[in-house]
Amino acid sequence: MMMRCGWSAAAVVAVVVMVGVMVASPVAGELARVEHPTKEDGSLAVLVVGDWGRKGQYNQTLVATQMGVIGEELAADFILSTGDNFYNDGLTGDNDTASFQESFTNIYTADSLQKPWYIDALAQQSPAIRAVDSRWTSINKSFIVDSDIAEFFLVDTVPFVQKYWNESKFDWRQVAPRDTYLSTLLTDLGDAMSQSNATWKIVVGHHTISSGCEHGNTTDLVAMLLPVLKTYGADMYINGHDHCLQRITSIDSPLEFITSGGGSRAWAGKFKQTSDKLEFIYDGQGFLSMQLTMAEASFAFYDVTGAVLYSWQLAKSTSTNYQP
């Protein structure tokens with residue numbers, strides 16, 4: 001989540017070049033965009049983990065170790081974080097590099113994980129953090145990772161949740177008024193998705209839309225974000241927030257809801273009903289891998305031993321395609 005400490009982060013720089021990644025500032029009315037190339041054969045391998053930042057506790061180090069193993073096997077191109085990066089309430093300030101290192105730099109040490117980590121967390125855009133670990137790539141509250149065959153639309157879901165606006169730990173000065181902010185964000189997201197020529201359109205946020213785990217569905221996202229995803233042909237929505245691993249398929253669209261929030265503390269033992277189809281659920285720790293080509297996408301959930309808990313494939317011929 002984005003806490004009080006982060007809203008004072010420095011403004012997004014115009015151009016940054018890092019490990020073959022270009023970060024460019026958008027023109028007005030567009031989401032910021034990061035270009036990350038595919039492999040030479042046109043494929044892409046991505047690891048996804050969320051809800052992890054506990055200084056190695058609650059099996060965070062075990063998950064990190066297996067991420068390194070699988071990352072090497074798949075030659076991972078980058079890592080997506082689905083949020084709640086530092087517990088309990090984020091970093092204490094823009095210069096809290098000690099906590100950052102204890103929960104990130106000193107944990108994800110494998111060579112295969114020395115790749116860009118994409119995070120939609122304005123609270124952690126501090127230059128001091130980037131100076132400590134250049135993998136950390138958070139350029140705006142919401143932005144796009146463009147990998148040619150796939151575009152990943154990272155969306156800041158925190159302001160959608162109405163109840164958070166009554167909590168003092170959030171600083172909304174760069175977001176309020178809420179209705180205006182969300183309307184602009186949804187318009188920009190819809191425009192970007194409608195103009196996308198990517199084979200795969202993947203939306204990433206922290207909060208659930210459809211979930212059978214502890215938090216269940218997020219009604220504010222169901223009401224506001226979900227219609228945009230369906231209208232503009234998102235193939236999947238990937239989230240954290242619930243500390244579990246799950247795959248859910250929509251009952252009225254080709255959209256898939258994938259939770260990868262098992263980066264550390266889990267085993268809540270609490271479940272909710274969802275009207276969509278629950279394909280797989282695991283209440284423990286682990287992470288997700290994605291392998292994408294023009295023709296198909298392959299997914300796998302892993303536990304803390306590196307065992308494959310569940311895997312599946314999608315053929316592009318059966319995926320959503322937006323028709324303007």
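Cβ coordinates come from backbone N, Cα and C, glycine included.
For 1-24, the entry in TrEMBL reads signal peptide.
Per TrEMBL, domain 'Calcineurin-like phosphoesterase' is recorded for 46-244.
What TrEMBL lists as Fe cation 1 binding site is ASP51, ASP84, TYR87, HIS243.
The Fe cation 2 binding site annotation in TrEMBL covers ASP84, HIS206, HIS241.
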Looking only at C-alpha atoms, tell me how far HIS206 (Fe cation 2 binding site) is from ASP84 (Fe cation 1 binding site), rounded to the nearest Å.
8
Going along the chain, which residues six or more apart from HIS243 (Fe cation 1 binding site) have their CB under 8 A from its CB?
ASP51, CYS213, GLU214, GLY261, GLY262, SER264, ARG265, ALA266, TRP267, ALA268, GLN285
For HIS206 (Fe cation 2 binding site), list the number of other Cβ atoms lying within 10 Å of its Cβ atom.
28
Work through the binding-site residues one by one (ASP51, ASP84) and point out the residue whose CB has the fewest other CB atoms within 10 angstroms.
ASP84
